[in-house]
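For reference, the structure I am asking about is given below.
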Amino acid sequence: MSKKLLIKTWGCQMNEYDSSKMADLLNAANGYELTEEPEEADVLLLNTCSIREKAQEKVFHQLGRWKTLKDKKPGVVIGVGGCVATQEGDHIRERAPFVDVIFGPQTLHRLPEMIKQSQSEDAPVMDISFPEIEKFDSLPEPRAEGATAFVSIMEGCSKYCTYCVVPYTRGEEVSRPMDDVLYEIAQLAEQGVREVNLLGQNVNAYRGPMHDGEICSFAELLRLVASIDGIDRIRFTTSHPLEFTDDIIAVYEDTPELVSFLHLPVQSGSDRILTMMKRPHTGIEYKSIIRKLRKARPDIQISSDFIVGFPGETDKDFQDTMKLIKDVDFDMSFSFIFSPRPGTPAADYPCDLSEETKKERLYELQQQINAQAMRYSRLMLGTEQRVLVEGPSKKNLMELRARTENNRVVNFEGSADLIGQFVDVKITDVFANSLRGEIVRTEKDMDLRSVISPTQMMAKTRREDELGVATFTP
């Protein structure tokens, strides 16, 4: 009987990507198969996030539930990974001594040996070090699960915003070699992936080493990914205004595979608050980037992150944020009340705002953006939209569910053989959280670009033979 693995994931898309790699790694090394039932699992892994308030307590509550399982089944291995593990590794060992393995985002590739060590020595094992990009060298080949896939192209962040723990939990910015990124995407394309989402804490700061010693910029990488046959839609997240340079904006002019939707966090519309956050841009500079983007791609829609109730935020500061929201006309946002993260400078800033005021401001902000998002959705009524079919509709299994470039879910009638393909649909109805459409044309009637096959791309990337000799085919 195969061994069972359960992974519980909290947090960002990078954590989701890391969890998928943990599953691939443990399957390849030890034959573990995923389960959703904790009682079945031989290994229980918690991949944590420290961005939101009470992240640590949430971890210990979950571990308390798993301890009950371990009491009944002592052989179960419990592991804690992710950003809370990096931040609170010693505290986890003290407060939850029954945890067998503690690992950070950069050491997940060592999971098989850490689990084996904890079992053989009957003692907890912890590795929360930062061995740069080493983890990608030890991961098995990617396995596609559907028509979309995440691909991590860099790790860490070097910006040190005063409210953010990422530099302390994931380390400084480190980019994966260009060849490695392209090889992984080409492998996914061969397995039927049509859309890739390039991931990084500061993804547009990518500077990937090339085989000839040169450096590949993010703009160059986008064009190379777009050239792979089968990859017809590219997203990326999360980007930073400081490095959203003109060469990246130029890619929107000539690369149709790059979607007309961008998540570009601004956090606040107040220059005073941005300075306190150590965000190296002003509201005007942010709007300048958006103007250039809309010149290059007139139909592009923008989303952002916002922090409400940052220490010292006045009513004027908040109104500056509301003005920016209206000026830019954001389509959606991830918005939160400020939550002090231990170890960050902003955690020590004095704050005299009441919780009621913070909640009122968050509500006002979210209502404004929701209204703007609904207006965008209504403008789509009667238009044709190219969508990627993801699977059956969640509400009606006799229908299909697809996604537009601007992240709207569209439900429509169609046959199952369309799953994983692009179709053009006419939008016939608009709802709060989805759209309805009808098929206009299928992929066989489209003129999708084909530049280089996945096999050709893999042949062009740097590989090592059995003796460890690196080769490159130009």
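Cβ atoms are placed via backbone N, Cα and C, with glycine included.
Annotations per Swiss-Prot:
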type    : residues               : note
BINDING : Cys12, Cys49, Cys83    : [4Fe-4S] cluster 1 binding site
BINDING : Cys157, Cys161, Cys164 : [4Fe-4S] cluster 2 binding site
DOMAIN  : 3-120                  : domain 'MTTase N-terminal'
DOMAIN  : 143-375                : domain 'Radical SAM core'
DOMAIN  : 378-441                : domain 'TRAM'
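Could you tell me the structural context for the features on the list?
Under a cutoff of 8 A between CB atoms, and with a sequence separation of 6+ in the same chain, the neighbours of Cys83 ([4Fe-4S] cluster 1 binding site) are Gly11, Thr48, Cys49, Ser50, Ile51, Gly104, Pro105, Val165, Val166, Thr169, Arg170.
There are 22 other CB atoms within 10 A of the CB of Cys164 ([4Fe-4S] cluster 2 binding site), with all protein chains counted.
Mean pLDDT across the domain 'TRAM' (378-441) comes to 96 in this model.
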Just to verify a number: CA distance, Cys161 ([4Fe-4S] cluster 2 binding site) to Cys12 ([4Fe-4S] cluster 1 binding site), in angstrom, no decimals.
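Spelling it out, the Cα of Cys161 ([4Fe-4S] cluster 2 binding site) and the Cα of Cys12 ([4Fe-4S] cluster 1 binding site) are 18 Å apart.
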For Cys83 ([4Fe-4S] cluster 1 binding site), which of the three DSSP-derived states applies: helix, strand, or coil?
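Assignment for Cys83 ([4Fe-4S] cluster 1 binding site) reads helix.
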What is the number of other Cβ atoms found within 10 Å of the Cβ of Cys157 ([4Fe-4S] cluster 2 binding site)?
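Step by step: centre on the Cβ of Cys157 ([4Fe-4S] cluster 2 binding site), count other Cβ atoms within 10 Å, giving 23.
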Can you tell me how the residues of the domain 'MTTase N-terminal' (3-120) break down into helix, strand and coil by DSSP?
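The breakdown for the domain 'MTTase N-terminal' (3-120) reads 65 helix, 23 strand, 30 coil.
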For the domain 'TRAM' (378-441), what are the DSSP-based totals of helix, strand and coil residues?
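Here the numbers are 5 helix, 33 strand, 26 coil.
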Taking just the CA atoms, what is the gap between Cys12 ([4Fe-4S] cluster 1 binding site) and Cys164 ([4Fe-4S] cluster 2 binding site) in Å?
14
Specify all same-chain residues, apart from the site residues Cys12, Cys49, Cys83, whose Cβ lies within 8 angstroms of the center of the Cβ atoms of the [4Fe-4S] cluster 1 site, ordered by sequence.
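Apart from the listed residues, the neighbours are Trp10, Gly11, Met14, Asn15, Thr48, Ser50, Ile51, Gly82, Thr169.
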